[in-house]
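Per TrEMBL, the features are as follows:
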type	residues	note
DOMAIN	15-262	domain 'Nodulin-like'
DOMAIN	357-527	domain 'NFD4 C-terminal'
TRANSMEM	16-42	transmembrane segment
TRANSMEM	62-89	transmembrane segment
TRANSMEM	149-168	transmembrane segment
TRANSMEM	174-194	transmembrane segment
TRANSMEM	214-236	transmembrane segment
TRANSMEM	242-264	transmembrane segment
TRANSMEM	363-381	transmembrane segment
TRANSMEM	396-418	transmembrane segment
TRANSMEM	430-451	transmembrane segment
TRANSMEM	457-477	transmembrane segment
TRANSMEM	489-513	transmembrane segment
TRANSMEM	548-571	transmembrane segment
Amino acid sequence: MGVLQEKLSSFYKSRWLVFVAAMWLQSWAGIGYLFGSISPVIKSSLGYNQKQLAMLGVAKDLGDAVGFVTGLLCELLPIWGALLVGAALNLIGYGWVWLIVTAQVPVLPLWAMCVLIFVGTNGETYFNTVSLVSCVQNFPKSRGPVVGILKGFAGLSGAILTQIYVLFHAPDHASLIFMVAVGPALVGIGLMFLVRPVGGHKQVRPTDGKCFTFVYGVCLLLAVYLLGVMVVQDLVPVSETVVSVFTIILLLILVIPIVIPIMLSFGPEPRNPEEEFLLPEPHNKEPGKSQLDSDEVILSELEDEKPKEVDMLPASERQKRIAHLQQRLLQAAAEGAVRVKRRRGPHRGEDFTLTQALIKADFWLLFISMIMGSGSGLTVIDNLGQMSQSLGYDNAHIFVSMVSIWNFLGRVGGGYISELVVRDYAYPRPIALAVFQLIMTVGHLFIGMGWPGAMHVGTLLVGLGYGAHWAIVPATASELFGLRNFGALYNFITLANPTGTLVFSSLIASTIYDSEAEKQHPQSMGSLLLHLPNVAAESLKCEGSVCFFLTSMIMAGLCVVAAGLCTVLVLRTRIVYANLYGKTSSSRLRL
């Protein structure tokens, strides 16, 4: 009995149990990606025009991006308390929207609806922050795989929730809002005592690589399965029984990763002390500091001591010379022969504060490129309902699900491809971002031209490119500006989403859409203004590729500009990446 209790205690304290629970939490956390599905019912129920709907979309993006209060509360409250706050915000915000749409409470003015959407979506930031903080602390030497997988599940959540909605509520579209309000809140409350940093000394075990590979396999299986299910439901009428079977299989796939903590806790775990690398214990360090501090200082000294002709040498010879010089500097500093000095301000690759990063051209190149790339992608996601209707597609839910899957694959693929670029070639990571932005350009062109299969191809390319931004940009920011203040840097970078959609969706797409709709329905517009002078515009529908043609062309052009900015950043940071990744590390985790 004592052995069983010990194993149960080990299971509860397993960092892999925390990771799996965080994956489940993230699979309900991407509620913002469902806005394209719930926006048509909000528009029709409340009589909004496209510009008013776009304002709700901006409020949603602001709620998803403004995480400063979230970070502060996560430091003041226990982890379960932060999750409870997020669940309450989600329930209050979207729950009230559901009551309004179903006419159970009086309709509120537009600004109040924006507040409700903001509050409801802001609950998502608590789920994301708690999941990422807990798992990064539990896996300090595997941050890349952990963040990529968790963000991937957040990207898949739109497709997962849509499938569950089809089982329980279709075709009652208003019920999707109810599920968005209640579902994430219940999951967050149910997991609030599981998702947390666990105590104990952290180790890099030889089983970690296999476990991460297994989880990646489950993620890809989930993405392929969801894609197949959505295509079948789109092409062939399916009965309620078949939908139930599809959903049960989906839930079983989501449960599969639990076998990892079960096997590690209850099964024999082979341990080879020679292959387990203990992480150094902290010795009165301030939060956020790492043992890389001395190496980062030496990197700054290396720039001073390194002869300029070293950069002109072949890669292999340059790596040897840099490694030799760095070894000499480390030895001299340890013996006291060289007094390592700090500069007044950090250099690329060292730890920046947010204010220090904001005065650097590299940061603004990355941020502006993010605005153009992710902002244009999110504009497509937010307007999928109107885009699909204008091109003659009746069911917008299929495209919401598909773009959610492509978003997931973009995050996984973007992180993997960019890691190959830096690890195998020591080349700047933003070059991969530039390639994905050019891919997005083609997607915008397809949607704008309205070619056959435009929505299928367009959501594929735009979804891949948009997802890649959230795998590549945070990693690039951590490499150029350090990890110590990464939370503040990341929260600032997320402001690119609402900034981009404010420009692309509210100011450009909605204005052009309403203008084209008025051209197609001039009599309806004139009658409206005659009889309802207090109403700005009717909820008119625009039909044809002309509705989003100019918008798509503008976004395609700006994606090309974003790729150009990334190329400039690549040219500015080649030496930094050569120093960071110029020599291989046998201790690096390879998946």
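Glycine is treated like the rest: Cβ placed from N, Cα and C.
Note: TrEMBL annotation is automatic and uncurated.
Small disclaimer: the values here were computed from a predicted structure and weren't measured.
Residues 49-51, 53-55, 57-58, 61-62, 64-68, 71, 352, 354, 357-358, 366-367, 370-372, 374-376, 378-379, 382-383, 386, 473-474, 477-478, 481, 542, 547-548, 550-551, 554-555 of the same chain lie 6+ residues outside the transmembrane segment (489-513) yet bring a C-beta within less than 8 angstroms of a C-beta in it. Below 8 angstroms of C-beta separation, residues 144, 147-148, 151, 155, 363, 366, 370, 373-374, 376-378, 380-381, 384, 399, 402-415, 418, 429-430, 432-433, 436-437, 439-440, 442-444, 446-447, 451, 486, 489-490, 493, 559 of the same chain, each at least six residues beyond the ends of the transmembrane segment (457-477), sit close to that stretch. Across the residues of the domain 'Nodulin-like' (15-262), the predicted structure has a mean pLDDT of 83.
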